[in-house]
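Take a look at the structure below.
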Number of protein chains: 2
Amino acid sequence: MSEENRSDILTVSEQQPKAEGKKLQFNLIHDYPQKNAELLSSQYGFNIFLAGLLLMFAWAIHAVGITDRDLLSYLITLMLIQMIWMLWYIFRSQSFRRSNIEKDTDAGARWLRCGITLFAVITLILDSFKIGYYIGYSECLSITEGIFPVTHTVHTLLQVYFLWFHAKDIIQSFKTLERFGLIHAVFTNLLLWANGILTESKHELNEHKERLITLGFSNITMDHHTPECNCTSSVCSIFSQGIYYLYPFTIEYHILASTMLYVLWKNIGRTVKHHQQQKIHFKFHGITIGTVLGLIVLTTTVAVLVVYLIQIGRSKSKSELALNMFYLYAITVLILMCTSAVIGLIIYRLENKSLDDSESPAKKLDSDLLVGSACGSWLISWGSILAIICAETHPEYTWYNLPYSILVIIEKYIQNLFIIECINRKEEEPTDERSERIFSVSTRSNLSLASSSYDVINDSVTICNKEFPYISNSEVPVAEDCAEEQRSQDNNNSIRLTPCKVSIHTTRPAKLNKKRRVLKNIAAFLFLCNISLWIPPAFGCRPQYDNGLEEIVFGFEPWITVVNLAMPFSIFYRMHSASSLFEVYCKA
Amino acid sequence: MSEENRSDILTVSEQQPKAEGKKLQFNLIHDYPQKNAELLSSQYGFNIFLAGLLLMFAWAIHAVGITDRDLLSYLITLMLIQMIWMLWYIFRSQSFRRSNIEKDTDAGARWLRCGITLFAVITLILDSFKIGYYIGYSECLSITEGIFPVTHTVHTLLQVYFLWFHAKDIIQSFKTLERFGLIHAVFTNLLLWANGILTESKHELNEHKERLITLGFSNITMDHHTPECNCTSSVCSIFSQGIYYLYPFTIEYHILASTMLYVLWKNIGRTVKHHQQQKIHFKFHGITIGTVLGLIVLTTTVAVLVVYLIQIGRSKSKSELALNMFYLYAITVLILMCTSAVIGLIIYRLENKSLDDSESPAKKLDSDLLVGSACGSWLISWGSILAIICAETHPEYTWYNLPYSILVIIEKYIQNLFIIECINRKEEEPTDERSERIFSVSTRSNLSLASSSYDVINDSVTICNKEFPYISNSEVPVAEDCAEEQRSQDNNNSIRLTPCKVSIHTTRPAKLNKKRRVLKNIAAFLFLCNISLWIPPAFGCRPQYDNGLEEIVFGFEPWITVVNLAMPFSIFYRMHSASSLFEVYCKA
């Protein structure tokens, strides 16, 4: 609530009252204080969200009189309202195009919009699968199950267009209606996200129950929603199978969309200090070690996942083997991740960059989401730890589960510190300390470096890199001598300094000193590791279900409930930290 | 994360590196960036909280191997750590007493500290009851059940002392350790709060089950934790009964303490703009109508509660009668509350005061808590609405339940707008528009008012009040003519203005113009209404359990779970809004 348009409030209070009646009408509609407009809309948002959540809850527990159709109708209505609002906004902003709309440089980064487009494409495939499935079973499915994917397709197309062109807008006029539209969009996406999670959880739970039945547990009731007629086409089973492999992407799409819309909502009426932010460029350069290690982890993960899914639930010994393999592999990866994040943190302390204290909703949301979603997996890990401590029997794999759970907690703790500090570090100024360093180096070794610093402008990247290790290695003495040398040789070197500065701007990627290169490698490695750790839980490898220990201690129902509530956040954490690490990589 | 000590960060970045090794050590300990110290400590807090929550959850569902003793030991450990930290802080701040500690004027208001002391006293009584209960059953209760209330007593005494003298501190030195201590205290109190809620919910649920058994439902299992030996003294039953009447106050005590500690934590390292805040004085004056109406509501509530508790669960017809009575009464009160809050909002629009845009953690927390805790009761209300829509049979009382549930949603929506706008309104400056108005009035009617404005200084309050209705009624023409009259008669009235201004400062309570008096009445009325609506759910009148309709639609277990999770927030909302309305009353 901090980003209030101060000038707007002031003009309201400075106006002198003219005619009481007219004034009242005027105030209630146009000059409603923006702090309250925020509250007014957020309370509306919470209410549609809570009502939707309860509908989902009621449907999930098979409440009397509440069907699939009710829930889908509610979601369709919300999507239609959002589409009408988006169309209104798009047309209105096109007609006002000449007036300069302010932009928030932190919001809606290009890579974020590319990411959301990718997920949206997969979502569209999912929708087409659903439509195909509906056509196959159209005799016995309700019409809403056909309308829903069609509406969702249009909704996705329109929303991606909207986010692509308007994610950076800072809305300054007619704010109240915009606030309502945006908060409606935020919570519509959150409900679609929750709906995706619910469907996915039900599916996972059923698969788990099927495995348990294979293993000999008989007192388990399945919860299938198979249609009561035969499919008219031959591809129905492909559709119904394929849908569940695409769900993880749809879930990410909706949560990403809602965070982008939320930032738009927070930005309404904000006054931005215009600090010229450098555009973040992705350059694949000097990060070979990190990338190679990361890719090794990624391929190993896929291999482990395939073996796990084949082995688990076949027999007791095969299941235990699969669990042991998964835990050992995960422990190794987590230790590597912890180590690299700690190295990153130590480098930060050595660099001593100042933190950016400007209040940006996009940055604040990023860090809140990281900590908030980490809580999901911390909850599961604490559950495992508690179960291991309290269990009466300890099969072998529990002794891998304990370090695994502890490492999950520690790794997220450290990684959050690493990411959030980098996000909040100040962008480097054009006249930063590096130019000073080069300056002082060139003053110290006049003969050897003066000429080579001229060369940098025209020469290739490799030559630059040969120069710079020297600079970063000799940093300490340089810094110590810097002050007095600068004073004594100031007149002497003023000419030499100019080309040196030019070299900084023309050959930017070449300036990677050792620390920055290590940071970039760490970010690349952690990025690939997080993608790797996203894959297993998203595609059905959930040892928290399969190891059985927690289920014995807490009971089947309570533990499944905890995992189903917390797991979506844990999965989202990996995706979100990967996208944040991409930013870290670009900024490092 | 916005209240970073900017100067601190800047000094860190401006330091030139001296010796790499020493610098590293120095940085890691002393100059750790405060943004990260906040993150470091909050992540620690989340982890001890989640571990505690899982322990409670495990205990509540009777998980294998987890006993009462484990949970209490965990809580005792947390309390001991907090006490050590508080002692360290108190002694340290006493030794630094001469250095000026900055204070946050928004935090830890006197009435808040008085409130927490009152609740703490009741908590101490509860603890002594628990000790008495333990002594009575000491043969068969574990020692932790005796140690817990003793530790809790010492903890309460020390914490109230700490909050009374340090709630306004803005800590500027050794911040990292302070952050850890405070966040530990915040989450310890939150866990004690959650523990209180859990015990209270279990008790309520058992009472509800007893009623159902009386009404003829036989397939219900009770969940009693009665000791397996006889009490050695005769007052054991008094203790065990009394404990449950005192629980609501303990719950409020812990949540209040944790919010105050959280504000302290957010304030660490903050730089406060020194706007001289007026001290809020409570004056009971000119609010007869609001108070009388509020007291009528309060007494009616107590009467309704007593009748409800006597009637409910006796027989089916008596239960329905009790439910009808409660709903009709609550609908009436809620309509009155909505109306008065709407009037309050209209007055705000007429007054056009500017909002305070300074970022104060205390104010931000206040509004977040109001909206957040309102979500609890919105969830229950949406559940009721959904149940009424979907139910197959509709007993008479459901037609009262529907408007009741809708009104609960609307009332909280409007009341939040009313409270939060007032909290965020700017304090009135000594030279505010009212003095201008009086000035312009005296210039317009020189003959009639010039003398009477002199009288104000010496005359009684009633004379002042007679003067001021005229001013507020004639506001519109005065404002229109103000500018030109001021210019033309500026020299003429400079002498007359002085006594007029004096009158404003000497007879402050007299200055209540009509609008402010209405606002004060509304605040007083809403304050008493919120206290009234806090009483029934806190002391066992929960129609959401008793009307049975939601239980039929959602099923017994799921609905009870929803109510048990959401009800504590709903109860807390009433208490918190009452305390906020007290502030509204003082500021209006």
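Quick reminder: no glycine exception, Cβ is built from N, Cα and C everywhere.
Just so you know, TrEMBL annotations never went through curation; they're auto-generated.
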Transmembrane segment range according to TrEMBL, out of B:179-198, B:379-398: B:179-198
Winner by Cβ pairs under 8 Å against the transmembrane segment (B:147-167), considering only B:44-65, B:71-91, B:179-198, B:286-310, B:552-573: B:71-91
Maximum Cβ pairs under 8 Å to the transmembrane segment (B:518-540) - stretch from the list B:179-198, B:286-310, B:326-348, B:552-573: B:286-310
Beyond the flanks of the transmembrane segment (B:244-265) by 6 or more, those residues with Cβ under 8 Å of it: 41, 104, 107-108, 112, 115-116, 119-120, 122-123, 125-126, 129, 156, 159, 163, 166-167, 169, 171, 179, 182-183, 185-187, 189-190, 192-193, 196-197, 199-200, 203, 361-362, 365, 369, 538-539, 568, 571-572, 575
Surrounding residues of the transmembrane segment (B:552-573) on its own chain - C-beta under 8 Å, 6+ positions past either end: 197, 200-201, 204-205, 208, 248, 251-252, 255, 369-370, 372-377, 379-380, 383, 386-387, 390-391, 412, 534, 537-538, 542, 544-545
